[in-house]
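Below is one structure; the comments refer to it alone.
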Ligand SMILES: [Zn+2]
């Protein structure tokens, strides 16, 4: 059984921009590439879980999001030879009523965080030991997702810094940035 560090994308790996829908808008968080390299070098899988309502809102297509993720991977590799083992995307959004919406993706799904569909899929694909794994993110949605899946959770002081306040939930640990979070994980693993 493998251990995994699950990461949120926007506000965790790349700088938070509202409804990011162009690869030109990608900018790495300062410590992200070094942090992911540390995850890679210490025997943990590194898997991204990202809600991308921009697809349901018709601000971009699913293929555009795949391309943004590829660009992000290129940036991480170029910066520090860091790599992501996989990226899981939820393209759905449950609330109808936006003028530009894409009906196909306007559904209640099992993958949109804080639901754990993406984690279950990853667990099956990679045989992950969830109890020894972590979820790192910048919102209370991420923390709630981790709790729902039985993961240890770390909330960052980057991106939205937990100010979304969607859930009354406390993370297991707090960290200033992604490298700070990874150092905490490696310390706990010693
Ligand atoms: Zn979904």
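From the backbone N, Cα and C atoms, a Cβ is placed for every residue, glycine too.
Unlike curated records, TrEMBL annotations are generated automatically.
When 129, 138, 164 are compared with the Mg(2+) site residues 8, 10 in TrEMBL, the one appearing in that site is 138.
Long-range Cβ contacts of residue 50 (site 'Stabilizes the phosphoryl group') within its own chain (separation 6+, distance under 8 Å): 8, 9, 10, 87, 88, 89, 90. Here the CA atom of residue 113 (site 'Stabilizes the phosphoryl group') lies 13 Å from the CA atom of residue 138 (Mg(2+) binding site). Among the recorded positions 8, 10, 50, 113, 138, no residue is identified whose Cβ is positioned under 6 Å from ligand 1.
Excluding 8, 10, 138 themselves, the residues of that chain whose CB lies within 8 A of the CB mean position for the Mg(2+) site are, in sequence, 9, 11, 12, 13, 16, 50, 137, 139, 142, 156, 159, 160.
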